[in-house]
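These notes are about the structure you will find just below.
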């Protein structure tokens, strides 16, 4: 597969009128193929692999929040990056997951061709599946280069998405507590 991706980048350079054998571009197809494999490595990962057994029994039933998880993904429409932060919360019901595993779940889904709306939902559903918690909340704010570098070229635009499951959806007080806590410095 790697050779095919590299050949495709070589062809793109040629179709742009470039010489892929010139000094500055000689290794570009291989580097671009390697970068694309890294940026989409989420396709090679699954939830069990990412968790690596880090699900623990716990009596805690209070909100757990992991804030400011940096993320980057590729827009599935233009293959251009979107870059932002995710805030993920859940209400445990007998189980908690390792702190780094929340960030790894975000990365697993972000490192695929995506739209932000689906990414937000996929993260929420995965955390719900793993924790079996009473609720999950995910809020993502991101800047999309497909909107900044092309099309309408709006440099300061940002997109926000949220998914609320369980108590976060059904209980406005719980939802508002989450939204307030993610804005607190």
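Glycine is no exception: its Cβ is also placed from the backbone N, Cα and C atoms.
Going by Swiss-Prot, these are the annotated features:
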| type | residues | note |
| --- | --- | --- |
| BINDING | 75, 78, 146 | Zn(2+) binding site |
Cβ-based neighbourhood (8 Å from the centroid) of the Zn(2+) site, residues 75, 78, 146 excluded: 74, 76, 77, 79, 80, 82, 144, 145, 147, 150
Sequence-distant neighbours of residue 146 (Zn(2+) binding site) in its chain (C-beta under 8 A, six or more apart): 75, 77, 78, 80, 82
Surrounding CB atoms that lie within 10 Å of the CB of residue 78 (Zn(2+) binding site), all protein chains: 15
Cβ atoms near residue 75 (Zn(2+) binding site) (within 10 Å, other residues, all chains): 18
